[in-house]
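**Student:** Below is a structure I'd like to ask you about.
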Amino acid sequence: MSTTASNTTRSRGKEPAGEKVADWVDGRLGIYSLAKANMRKIFPDHWSFMLGEVCLYSFLIIILTGVYLTLFFHPSMNEVVYHGSYVPLQGQLMSEAFNSTLHISFEVRGGLLIRQIHHWAALIFLAGMFVHMMRVFFTGAFRKPREINWMFGFLLFVLGMFTGFTGYSLPDDLLSGTGVRFMEGAILSVPIIGTYISYFLFGGEFPGHDFVARFYSIHILLLPGIMLGLVVGHLILVFYHKHTQFAGPGKTNNNVVGMPLLPVYMAKAGGFFFLVFGAITAVAAIAQINPIWAIGPYRPDQVSTGAQPDWYMGFSEGLIRTMPGWEINFAGHTLVLGVFIPLMIFPLVLVAIAVYPFLEAWVTGDRREHHILDRPRNVPTRTAFGAAWIAWYFVLLVGGGNDLWATHFHLSINAITWFVRIGFFVVPVLTFVVTKRICLGLQRRDKDKVLHGRESGIIKRLPHGEFIEVHEPLSQEQLYTLTAHHQYEPVEIGPTVDENGVERKVGGTQKLRAKLSSAYYGEDGQISKPTVEEYKEITSGHGHH
Amino acid sequence: MKKLSARRRHPLAAVVVLLLALAATGGLYTAFAPASKAKADDSAQSLTIEEGKKLYEVGCASCHGTGGQGTTDGPSLVGVGAAAVDFQVGTGRMPAQQPGAQIPRKKVIYSQAEIDQLAAYIASLGAGPNVPTKNQYSPEGADIAKGGELFRTNCAQCHNFTGKGGALTHGKFAPDLEGVAPKHIYEAMQTGPQNMPSFPDTTLSSKNKKDIIAYLNAVNSDETQNPGGLELGGLGPVSEGLFAWIFGLGALIAVAVWVAARTAKAKKS
Amino acid sequence: MSSQDIPEENLPAEQDAAHGAVGVADEKNPFADPGLPPHEHRIQDIDERAAKRSERAVALLFTVSMLATIGFIASYVAIPNDKSIYVFPIGHLSAMNFALGLTLGVALFCIGAGAVHWARTLMSDAEIADERHPIEASPEVRAKVHADFKQGAKESAIGRRPLIRNTMLGALTLVPLSGLFLLRDLGPLPKETLRHTLWAKGKRLVNMNTNLPLRPEDVAVGSLTFAKPDGLEETNEDFQTEIAKAALMIVRLQPDNIKDKRELEWSHQGIVAYSKICTHVGCPISLYEQQTHHVLCPCHQSTFDLSDGARVIFGPAGHALPQLRIGVDSEGYLQALGDFEEPVGPAFWERG
């Protein structure tokens, strides 16, 4: 056999030991063909392309520190008396979960550090996913062929929220317990099955003796397991699709320009893991997070003002705080709209942004692959939609923290609540309009730059006394970069009457699509980019300024 | 007489009366002050009340009425007790400067001796809680853990877990308790200033109050230990979230910019 | 940079495709792609001394990391775990946490910084263009896969024998039901428990703070007191579950100030007892403003007017706080005159 022969010849040679090991592995796993495709894989350089890495690394950090924490945490709600070293709690009754968290914080050396790294990394993980998702959104990186990866990313964000929430509830402290109570109240509001879900989740009445243990297995096993699978899938797809890139000289839809995985990205990405880990560790050394000893053990009859969830649940808190208390009683039943409506809007807020790529694909009808990123200004409607969504999200965050806004800015909490109630409807619309205008303005400026050159700052006096500013023509690289984007034409429904005078049926969805398309790509939706003819006419004329 | 009674209704009459009263008080004060020194052995208590009354008439009567019976601008002070005066004036809340949702803590303008005189006068108007003794409010020997439990049951709902304060309706708020003297905390619990409910000894014993003061002393003072580092205002997840975004993710993005930036090129000569 | 470092596909001959060949600006199209700009050298590429400096910087960073790790181990061993130090401007913090965090942070950060500095200054920074290949399969491949699939389907005879197909689908649909049933014992079915609390006729109101039964004279106007039913102790097995429903808030109003007729009837000398559990989602509501008689929920700001039957005057709560009817027993202690007449806490479907 030729392979055996070649193997024997290989082993006889005086290769370095590393190669021998690699040969051995390749003989069993076929790593060479995998390496051939990927070892010199090209990745483009841009800071915003590293946001996903921030998420990936903080996820790894969370897993590492989380495993450490499980070694000391007792997920049990048995009541014990505290005898540890934190004086202001000595002799207090508390659950074993709370007790063991105090033990991790005060008696296990480095335990507090790991706990703080775990929690800070979780907040940064979610914040990183949010920003990464927005980067992908505003640059249009979600377009074909990456829609599935967008969905993977979206699912990771949502699952991350719930993993965070369940983890936050584990220490069974007064703040998280209040959050769990809120969750129970929200579940109870679900028509027909609400009480059943609540009884099944808590093993009976709230709080019962089960929820910490149940949240524990959800937090450390079920959700992270699914997330790990999604992360792996997400990464495989990133490799398979190859990374997107911004338009620029030499960068086309059919190539990817950058530096190879080995060695540059191995060092940069590998190094970045340590940078992220180091930075989060430093934050955990300096800033305290979730000091459960100051918060105290959970008791359903105690509470503190400023009861908020971690930031990523803040928008749902805003929804619930600002909703009017509607309640309908009929035929012996209660429909708790004041809680149930926010509970239903909560997923809608997220889904609104998640399904956007499919809406846009439907409007454009574009079936091509897209590997060149959009500059947000070149797609004003999408950018305006994204900005409106962020504004919406932010208004709800303000609502979720209304009490702190009130105390820190000396405002009335009732006034803030009313602002959020109105802002919920008004702010996104305003943001949409303003953002679209700004985008169109920036497009006009780009067009001016292409046609008239950039302002050089040099003032020249003409013989007849007029002062002008000299405009320098752009380099060809810049001209190409500013004109490389594709502009869609609005979809036409076409004549509703065919050649023979017979009326053609036009469906409602088709009409809607045409309407949306003209909003996107009609005269109000974009500034037509400069054409070669316009450019030639101006440049051939005398003295462009 | 008819003329006089008509003029009494004049809008400026109150001002004139006030001025006259002020002048009279000032005159009386100069007239009596040296004399009272001479009669040092006279009943010190009634003298203090006298002094307090004078201070009251100058600084407080315009809102609380000349006999402490209250007006539309200020509540009746009959029966609020010395503790309430010591708290209100001792934390600078009284005299109030301007109307608002709530009268905040300010610079104290009376000396402790003057506050004691005022307190004695108000206490003479009707029985109420006395100013606590040091023995009552001193945190020494109190049960901090029990104080924590009591604080979470009775106080944290408005003042936050460790007494950082919080919002109430329509611009009112529960203030931060850091730096508030133990005596004033005790008095506040006892008397229930402004919208704060009172926690009289019948429902929150003197020992309980002491425990609460000791707890606050442990968790909300200059000496408070925050093992994990920056306290971030002690406000919980909102400030933590802001910190994670600005300093956590912000720092990481700054690092990412450095990692992805082009290395400087050698200059073309 | 020596030529061996350049991979084959990036040798000058190969690069033409990406560089320049697409379009030198011509008369026809001034916006044409000029192709990848020529690679410019960094100072480290042409000046060996600069490269040496970078090398030393990288090595220094790695060395700092090693020292920091030693510092970490030293801190772990040497610092007492309960030692507190003052660090300006952070405050009093745990010496252990601070030392371990900073040393570990530096140790990790320096490895990263070293690696990135190495990559940025010493590894080749020549940009390489990699071809993309269409993801969609060619028509031949597509046809082949479809044909294979049809062949497989045909050989399995799934289309021809619907009985097999249908029973298989049925079996697969039914089998998860077992899993669903296994979840049944997660908890009991909701019964009437949400409607009842420990309060009953004759139960004394016990002060949360002192653990003593309350007398009417203990409760002053403007004060706020929390109570639990007599017999419920913190050490009880089901304390948490019971107190989650039974927690009581007691205030005394001037009887003239009580606007609601039923509230007055259910009070005792102006003393009213309301559930402490918010009717919105169950936070212990108790931000009592004694001048306005409003009580605010710290979680979602539902505001109730205690002088008017605790009706909702602001916020997301849907109905008033339940009131407990109270009186005085023969020994002069406050007692309940029955359970709450409606369920306490958040509303639910069966509440009615």
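Every residue gets a Cβ built from N, Cα and C, even glycine.
TrEMBL lists these features:
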DOMAIN    A:21-247  domain 'Cytochrome b/b6 N-terminal region profile'
TRANSMEM  A:49-73  transmembrane segment
TRANSMEM  A:117-138  transmembrane segment
TRANSMEM  A:150-170  transmembrane segment
TRANSMEM  A:182-203  transmembrane segment
TRANSMEM  A:215-240  transmembrane segment
TRANSMEM  A:269-289  transmembrane segment
TRANSMEM  A:335-359  transmembrane segment
TRANSMEM  A:379-399  transmembrane segment
TRANSMEM  A:411-434  transmembrane segment
**Student:** State the residues, same chain only, that lie 6 or more residues beyond the ends of the transmembrane segment (A:411-434) and have a CB under 8 A from a CB inside it; answer 'none' if no residue qualifies.
**Tutor:** 318, 321-322, 324, 384-385, 387-392, 395-396, 398-399, 402-403, 405
**Student:** Please check if the transmembrane segment (A:269-289) comes into contact with the transmembrane segment (A:117-138), where contact means 3 or more CB pairs closer than 8 Å and the residues in each pair are separated by 6 or more positions.
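**Tutor:** They are in contact.
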**Student:** With Cβ distances under 8 Å as the criterion, find the stretch in A:150-170, A:335-359, A:379-399 that has the most pairs with the transmembrane segment (A:117-138).
**Tutor:** A:150-170
**Student:** Taking A:49-73, A:150-170, A:215-240, A:335-359 as candidates, which has the most Cβ pairs under 8 Å with the transmembrane segment (A:379-399)?
**Tutor:** A:335-359
**Student:** Any idea what the model's mean pLDDT is for the domain 'Cytochrome b/b6 N-terminal region profile' (A:21-247)?
**Tutor:** 95
**Student:** Are the transmembrane segment (A:335-359) and the transmembrane segment (A:49-73) near each other by the rule of at least 3 C-beta pairs under 8 angstroms (pairs 6 or more apart)?
**Tutor:** no
